[in-house]
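Undergrad: So TrEMBL has the following annotated:
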MOD_RES   A:THR180  FMN phosphoryl threonine
TRANSMEM  A:20-39  transmembrane segment
TRANSMEM  A:71-89  transmembrane segment
TRANSMEM  A:95-113  transmembrane segment
TRANSMEM  A:125-143  transmembrane segment
TRANSMEM  A:211-228  transmembrane segment
TRANSMEM  A:235-254  transmembrane segment
TRANSMEM  A:260-280  transmembrane segment
TRANSMEM  A:292-309  transmembrane segment
TRANSMEM  A:315-334  transmembrane segment
Amino acid sequence: MKLPVHTSPYGVLPNNVTRVMGEVLLALVPGIIALVYYFGWGVLINISIAVTTALAAEAGVLHLRHRPVRPALSDLSATVTAVLLAIALPPLTPWWMTMLGVLFAIVMVKHLYGGLGYNPFNPAMAAYVLLLVSFPVAMTQWLPPEMLNAHPLSFAQTLTAIFGGGLPDHLTWDTITSATPLDAMREQLKMNKTISEIAQNPMWGNFGARGWEWVGNWFLIGGLFLLWRKVITWHIPFAMIAGLLLASGLFWLFDPESMPFPGFHLFSGGMILGAFFIATDPVTASTTPKGRIIYGFLIGVTVFIIRTWGGYPDAVAFAVLLMNMAAPTIDYYTQPRVFGARDKDNA
Amino acid sequence: MITQNPGSWDFHGGIHRPDCKSMSAGKFLGKVPLPETLVLPLQQHIGAMAEPVVKVGEQVFKGQTIARVSEYIGAPIHAPTSGTIAAIEEHPVPHPSGLSAPCILLQVDGKDEWGELPEPLPYFDDMDPSLLRERIRWAGIVGLGGAAFPTSVKVNHGPDRPIQTLVINGAECEPYITCDDLLMREQADRVVEGIKVLLYVVDAEECLIGIEDNKPEAIAAMRKAVAESGLKDVQVIQVPTRYPMGGEKQLIKVLTGKEVPSNGIPSEIGVICINVATAAAVTDAVMAGRPLLSRLVTVTGEGVNSSGNLEVPFGVYMSHVIAHAGGYSDKAYKLILGGPMMGFTLGDDQLPVTKGSNCLLAASREEAPAPDKAHPCIRCGKCMDACPAQLLPQQLYWYARARDFDKTQEYHLFDCIECGCCSWVCPSHIPLVQYYRFAKTETWALEKEKRQAEDARRRHEARVERLERLERERKARLRQKKDALEKKTAANGANPRKAAVEAAMKRVAEKKARQSEAEKSSGESS
Ligand code: SF4
Ligand code: SF4
């Protein structure tokens, strides 16, 4: 009698990559719905362009690398990258820009380093930064949130804007787009306005920018879902938020008129999305428990530094990429104590 | 000092998976009848292989030692029944490698006739513990939880390591396996009797018996037996069901709060850990003078018709055991020796049950499907969260794959207990443990090579050294000879005889000269 020989453990393994990535996508849904509600159909169109491009690019590259295509596509990792990039882009980003970003993320950042698991940089964030430095104007042309938007575009109008670059006759780009709240805050602080003056602007809501704060809340719900499902651990998001609040809080205490309130930092940009969905990308983050805390905390502090003194209004992408570089070193110095480690091993 | 709040500690990581024990729990299917031939591997334990002390054709009796050990770490083998030695040869044995190893083949005569046995030692507590250790060693007892480490070595902790706690392992944390459970339910007295002996042998202050809370009947039976024995300082502790609770280091941690040092053994922290079935075997050896001849084996899985536990004499083919559990069902797909977490698949069932065989799991395709293709590691850290040894399995994997065996050691490869938790939780379905086993084997091979190279180098150096020494000695001898010669020559120059001769010759010459002068002068004068 000949029996099959396999290695232990035996059984139906409880977990798989597709499930993990699928749960990440699921967790993004509330935030995405909120984005669509506040910023229009462009968000969904961007996502569709990005996902289609990502799947095609992934299949193409795997084919060229003579790797099996189907398992890699079904692991949903390319889809996650595409969605994360798409929701970071302004709602009316030209279609080719989105495609370019996704191609860069999948082909250069992911596959040139060896594919899933081997890329040192977060592909979505690397692509975002590439687009930001290449097309600074287009990348900062956001739409105002729904309640402040005097000229909401219909689905067809949005399609035309994204694919043809054209707007309805009575509108110009300048009339329909506005700076992001972070950008606006920055510009006005530069003009030596005080925070109380700036806060008069209708764009500020209860604890962050109007519209944005609610998007942040919905992403937070998704993030908590990921925590509950144990897809991520608390270390990175909490440390990152703590880093940002601590740094911004300290400066705000000393100078509340020229330093925005910490809550503003938390709820006006990509912070919540970044903390729960981007910095937690396991491939490029630190992997030890202590390391994750350090990694997250440093991202939070870096975000504050770049937002306050750097050249770009939002900084989550830059901060994440910077810490991606530091992750291997952080891991090396934060190895957990081995069971039964003797004192000399601990030293 | 008696441990405070035993069982209140915790170990890091571990996993929960359905325990699948109900199929076989509490079911005893009897003793497997003897087949015609028994195959007894000479290596059924950790340590040195036993050496046969019988010849082919020799008649042996039940309980007779048929192979002994001369090394310290090892265990003898006894004839599980009477019969004739049919052969001593290589035979396939249950091993992950699927290779053959030396075995004694015993032709069973069916009489089951006992040979001469040593005296029972019911008053063991008057005896020198070393005699009891000797008895345990004679009985060929090894760890019956699956590890098969010689018990006589374990209980010989040495005078410089006093033992505070004897931990009795009844956790049985591997899914499916229920043989220890059955033993505790039905033969708790026998286990407790063994504990009494062991407590005396290792001179421990207390005994903690750890049993997972999914075995309430076993816990109750053991508590009752302990109470009736009148033993003080023996406690049955209910521990949570979480794999690998029954890992020696994990159970000790949970019961006593102490951590066995990395690369160390429990006696270093005053603990000795013995499995319940091993304790029962000690009872037989000491109280009845009987060696270890059989064990309880769980036969289970959807691949057998009736799951349960059987008492199996060593050397019986697994196929024979399965046949006595109603045979394979239609669903049988693979045969696993041990549990689903740490066991290994057998390519064949014509293999003997040995001392370490605790479970035969005939799994269906649904229970143990063929492994999926592995995805790349996404560094999610799930493995790290599950690792009871608190390692970084993802880093170990990375370096094992890169064959960087210095780095795997830096990441404490040898603290890995191969429990399989990391593989279990890995979303990428990477067979992580396989990489660690590979890395360990390679490291051993490299070290052996290094040792051999080192030996060769030393041998070479010794040879060069020897040649040089010989050369030096030869030269020295030559020099000595020459010196001696030279000395002789020099000494010859100062030889009194020669000097005397020379002086005499000189005197003769002078005399001659004077004579001739005198003759001349006389001639002149005359
Ligand atoms: S669980 Fe698997 S995929 Fe996740 S870090 Fe560990 S080895 Fe990598
Ligand atoms: S097999 Fe080794 S590395 Fe994996 S969880 Fe167990 S001890 Fe940790």
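One is the number of the first residue shown, and numbering goes on along the chain from there.
Keep in mind that glycine also has a Cβ here, set from the backbone N, Cα and C atoms.
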Undergrad: With contact taken as 3 or more Cβ pairs under 8 angstroms (pairs 6 or more apart in sequence), are the transmembrane segment (A:235-254) and the transmembrane segment (A:292-309) in contact?
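TA: In contact, yes.
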Undergrad: May I ask you to check whether the transmembrane segment (A:315-334) and the transmembrane segment (A:125-143) make contact, with contact taken as at least three Cβ pairs under 8 Å and only pairs 6 or more apart in sequence counted?
TA: yes
Undergrad: Helix, strand or coil for the residue listed as 'FMN phosphoryl threonine'? Use DSSP.
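TA: The three-state answer is coil.
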Undergrad: Mind checking which residues reach the transmembrane segment (A:211-228)? Cβ under 8 Å, same chain, six or more beyond either end.
TA: 23-24, 26-31, 33-35, 38-39, 144-148, 180-181, 205, 234, 237, 266-269, 271-273, 275-277, 280
Undergrad: Over all shown protein chains, what is the count of other CB atoms within 10 A of the CB belonging to A:THR180 (FMN phosphoryl threonine)?
TA: 23
